[in-house]
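J.: Pasting a structure here, questions to come.
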């Protein structure tokens, strides 16, 4: 698949492709009739990129990558293909030209085929087992796949739906909390931490940011949470592909169902009453004092001091079990899971403290205040459920109404005005969910055209193209057209004279400053030594921009000078080894003796080393034996042991008879041995 298609797919599926939703304006352009590769051959394209001396290297497939000869006589590429129409050659095509990245027979255009969507795949596994997950289904642009320059498919490649929307069992671990805890066994900068979710300010709601428990820092452990994770604690919206998506109060992705003031999904606000009050009583000696009782089932609870003080809001049960700020102990501001809902206790440094919860509460609660100075006042409000048969809808009527006309969507060239249809209560004219009105009697939304006259002619000014030179004076151009919008998505091109204001410039000089000298590095030398750590060297010169002059090094910026020496290695050197000399002469002229040799530890360069293992050191001495001359003893001489020698039996025992001295002194004992 082309890289552009891959990029487009990723862009659109990540929620960042909404800028492509609008239809581009229609303009008539005069396109060239001749392919650019026929006007500028491969050598000319190389000169555009690498200078006047460059030319094409006959290397690789030119229609996929154009390789050019650089100033240092090396073949280089920008990893871009040659221009359409550039001459090419393959094993099967003697003369061809480049078309859509392939070499095709010269003068031919393969038929373009637009892509078509295949069928949707089966719905995948749900991302969560409870609490509202998502599953997805895919389709591919392969029926048929686009080819020959055909268009890619339009529309969604991936779709999502809600699944497993039932609440998780009581006491289940928070889904985001579990994702952070999965990193507990993974080292972070060489240490292990216990991670908790961090959802404070300045972070993306759908990134997995985790706080190191017991430490004062947090970090992003993953760029996106698992699909189906709530964007924040007090919202039903969920994260998909790292983007926050709306979920209705019915836990259905993209649903318009909304809670009323009583937290009834799709309700009309008639099942609860609003309670509001102000408490400013005080105790002369301070202490805990009751502010208000909050009945079970209350929703949208807000308790707030009117001004900053040294007093503290507290919360307890009917049984006097304190949940927040009890027993004269002040808790840190944070979220408290109390009575089936989350209470957010806030105590900013520059604002009065507050206590808030969405509810509903699962028990009766009592709001207290710990007084340490005069009570300047505490405001509270919450909605309490009321017993009423049915939903209350039977007691009031509902009717469809047209809203007033909206403003025109455009000032000229055709806009639209709309009258939205909404459902209202008959008693107080308040807006409610549409399902309270009869859908069969819903009138159509009114719509009318407005401001249909063409817009005045105006100049269309394109962006400046890149300057033809980076210094020493170049030129840059831009498109300038006189256009007039005649419809919501239609424009016409007029003569320049139809635009009454001064015609903007289409061409101007640029980069007129003189080119400074620049560093030019020659090729690297070979790595020396041939093994182990070493260095490569090269010559770095200060040259003019056209490379015709060489300047003193001081005229080029020292901070941008390329290195003239870098470390290198051609692999590990052989380890030191034991080297032995030849064996010396035997120490005995007759019989057993010893002979010696040199044993040295030498590196691969022949230098003495101490790194050879002693366990494999060869011996430097060994036993040797010299052949004795067999001189016959004359019969006139008597073979006997010399009397004064008393150790002849030992000579025989230790086999010293082979030595001439002992054989002579112990002749009789050694005879025959």
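Heads up, the Cβ atoms here are built off N, Cα and C, so glycines get one too.
So TrEMBL lists the following for this protein:
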- 19: Ca(2+) binding site (BINDING)
- 46-68: disulfide bond (DISULFID)
- 57-75: disulfide bond (DISULFID)
- 63-98: disulfide bond (DISULFID)
- 88-103: disulfide bond (DISULFID)
- 126-163: disulfide bond (DISULFID)
- 130-168: disulfide bond (DISULFID)
- 141-153: disulfide bond (DISULFID)
- 635-673: domain 'PLAC' (DOMAIN)
J.: Calculate the per-residue pLDDT averaged over the domain 'PLAC' (635-673) and state the result as an integer.
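T.: Average per-residue pLDDT within the domain 'PLAC' (635-673): 75.
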J.: About how far apart, in whole Å, are the alpha carbons (Cα) of residue 126 (disulfide bond) and residue 168 (disulfide bond)?
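T.: Each residue's Cα considered, residue 126 (disulfide bond) and residue 168 (disulfide bond) end up 14 Å apart.
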J.: Whole-number answer please: how many Å between the C-alpha atoms of residue 130 (disulfide bond) and residue 68 (disulfide bond)?
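T.: Rounded to a whole number, the Cα-Cα distance is 59 Å.
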J.: Would you find the one among the disulfide-bonded residues 68, 75, 153 whose Cβ has the most company, meaning other Cβ atoms within 10 Å?
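T.: When each Cβ's neighbours within 10 Å are tallied, 68 leads.
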J.: Please give me the disulfide-bonded residues out of 57, 75, 98, 103 that lie within 10 Å of residue 68 (disulfide bond), comparing Cα atoms only.
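T.: Those close enough are 57, 75.
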J.: For residue 103 (disulfide bond) and residue 63 (disulfide bond), determine the Cα separation and express it in whole Å.
T.: 6
J.: Counting Cβ atoms within 10 Å of each candidate's own Cβ, which of the disulfide-bonded residues 57, 98, 103 comes out highest?
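T.: The most densely surrounded of these disulfide-bonded residues is 98.
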J.: Which residue, of the disulfide-bonded residues 46, 141, has its CB surrounded by the fewest other CB atoms within 10 A?
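T.: Among the disulfide-bonded residues 46, 141, the sparsest Cβ neighbourhood within 10 Å belongs to 141.
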J.: Could you give me three numbers for the domain 'PLAC' (635-673), the DSSP helix, strand and coil residue counts?
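T.: Summed over the domain 'PLAC' (635-673), the classes give 16 helix, 2 strand, 21 coil.
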J.: Please tell me which one of the disulfide-bonded residues listed here (57, 63, 75, 163, 168) sits closest to residue 153 (disulfide bond), measuring Cα to Cα?
T.: 63
J.: Give the sequence-ordered list of residues that share a chain with residue 163 (disulfide bond), lie 6 or more positions from it, and have CB atoms under 8 Å from its CB.
T.: 123, 126, 127, 128, 133, 134, 135
J.: At the level of the C-alpha atoms, what whole-angstrom distance separates residue 88 (disulfide bond) and residue 98 (disulfide bond)?
T.: 7
J.: Nearest to residue 75 (disulfide bond) by Cα, among 46, 63, 98, 168 (disulfide-bonded residues)?
T.: 46
J.: So what sits near residue 63 (disulfide bond) in its own chain, CB-to-CB under 8 Å and at least six residues off in sequence?
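T.: Once residues fewer than 6 apart are set aside, residue 63 (disulfide bond) is near 81, 82, 86, 88, 98, 99, 101, 102, 103.
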